[in-house]
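> Quick one: structure below, then a few questions.
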Amino acid sequence: MSVVCLTDFEALARERLSKSTWDYIEGGAGEGFTRDDNIAAFKKSGLLIRLRPRYLKDVSQVDTRTTIQGEEISAPICIAPTGFHCLAWPDGETSTARAAQAAGICYITSTYASCTLEDIVAAAPRGFRWFQLYVQPDRQLNKQLVQRVESLGFRALVITVDVPKLGNRRHDIRNQLNLKTNLLLKDLRSPQERNSMPYLQMSPIDSSFCWEDLSWFRTITQLPIILKGILTKEDAELAVKHNVQGIIVSNHGGRQLDDVPASVDALPEVVAAVKGKLEVYLDGGVRTGNDVLKALALGAKCVFLGRPVLWGLACKGEHGVGEVLNILKDEFHTSMALTGCRSVAEINQDLIQFSRL
């Protein structure tokens, strides 16, 4: 089978992975409405998002480069935090990190990585990395982990805010998938446990974490703080008030609360609320270069890929992730050229129009 788009990788990955692993990667919360709507919203939701191309421009040179938090990336297409990459490929996150380094883009490493942070850094020492944190009930463990990633050269702290409790993931319940006993995490270790045992099982997430706790994180790190999982103007305004440096508009790939807006539908509300005071990114449902262009035209600085990266990893490891990134980057380059955009800075809301179904 010739692989020419991201959904081709989806089909191949489904053939290669066990049913329980596939269900874990692809599954959404509840009835899966939000998971499916993330993709559909780029094409057909309450409003059709269509492109308004401008022609007779010199697009012989198209530059896809941009910056996030002041760091240059080769294209506004980066890797979202997803856990347990060893489910998809034996080398897990080390393969993902190498592919991201080769592509010149940012890789957000998950708290629930199945490789140690040190191994991930060693595999891609020149890589541009952020670290995603699920806040743990043990503050000392949070402090240890955050200061560790800072010392390892991670450039930002991405705090996931939409998991005060795990979503109702029916596939995992039916499959009796128990990652707590089947997969042991190498990074969630207290100093005592680090010396007495090689791994620590999955820890609970702190359901008491709230806005006021962000000030404590500023006392333990100099890293920029990005909040992942914001969907409303009210929370976006609070993010500005609490002086964070970025927001990832995300519904957790439809894996947490079902029946919330698709990420791209929530994006304009968040962008309007922050009034340019911090950077806004998006994850969820991006499958084509046109999707990337639409997200940027609606105000996102960058998009982050979740499931497609795991599809590529499951098919060909590092090379599969690289192919996924290259396909999407090439599609985005074409989308820019065909709409008359010579640089990412030229992408704005004039490129899109809305019409009701």
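Including glycine, each Cβ sits where the backbone N, Cα and C put it.
In TrEMBL, annotation is done automatically, which means it is predicted and not curated.
The domain 'FMN hydroxy acid dehydrogenase' feature in TrEMBL is assigned to 1-357. The glyoxylate binding site feature in TrEMBL is assigned to Tyr24, Gln132, Tyr134, Arg169, His252, Arg255. Among the features that TrEMBL reports, FMN binding site is placed at Pro81, Thr82, Gly83, Ser110, Thr160, Lys228, Ser250, Asp283, Gly284, Gly285, Val286, Arg287, Gly306, Arg307. Annotation source TrEMBL lists active site, proton acceptor at His252.
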> Average the pLDDT scores across the domain 'FMN hydroxy acid dehydrogenase' (1-357) and report the rounded value.
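Per the prediction, mean pLDDT sits at 92 for the domain 'FMN hydroxy acid dehydrogenase' (1-357).
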> Looking at the binding-site residues listed here (Tyr24, Gln132, Arg169), whose Cα lies nearest to that of Ser250 (FMN binding site)?
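Given the candidates Tyr24, Gln132, Arg169, the nearest one is Gln132.
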> By CA-CA distance, flag whichever of Pro81, Gly284, Gly306 among the binding-site residues is nearest to Tyr24 (glyoxylate binding site).
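Sorting the binding-site residues by distance from Tyr24 (glyoxylate binding site), the top entry is Gly306.
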> Near Tyr134 (glyoxylate binding site), which binding-site residues out of Pro81, Thr160, Gly284, Val286, Gly306 have their CA within 10 Å?
Thr160
> Looking at the binding-site residues Gln132, Arg169, His252, Arg255, which has the shortest Cα distance to Val286 (FMN binding site)?
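Out of the listed candidates, the nearest Cα belongs to His252.
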> Rounded to the nearest Å, what's the C-alpha distance separating Pro81 (FMN binding site) and Arg169 (glyoxylate binding site)? Just drop the number here, would you?
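If we compare the Cα positions of Pro81 (FMN binding site) and Arg169 (glyoxylate binding site), the gap is 18 Å.
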> Which of Arg169, Arg255 has the fewest nearby Cβ atoms, counting only those within 10 Å, among these binding-site residues?
Arg169
> Taking the residues Tyr24, Gln132, Tyr134, Arg169, His252, Arg255, which the record names as binding glyoxylate, find the longest CA to CA distance and state it in Å to the nearest whole number.
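Maximum Cα-Cα distance: 21 Å.
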> At the Cα level, what's the spacing in Å between His252 (glyoxylate binding site) and Thr160 (FMN binding site), rounded?
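Cα-Cα, rounded: 9 Å.
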> With Thr160 (FMN binding site) as the reference Cα, tell me which of the binding-site residues Gln132, Arg169, Arg255 is the closest one.
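Nearest listed residue in space: Gln132.
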> At the level of the C-alpha atoms, what whole-angstrom distance separates Gly306 (FMN binding site) and Arg169 (glyoxylate binding site)?
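Distance between the two Cα atoms comes out at 17 Å.
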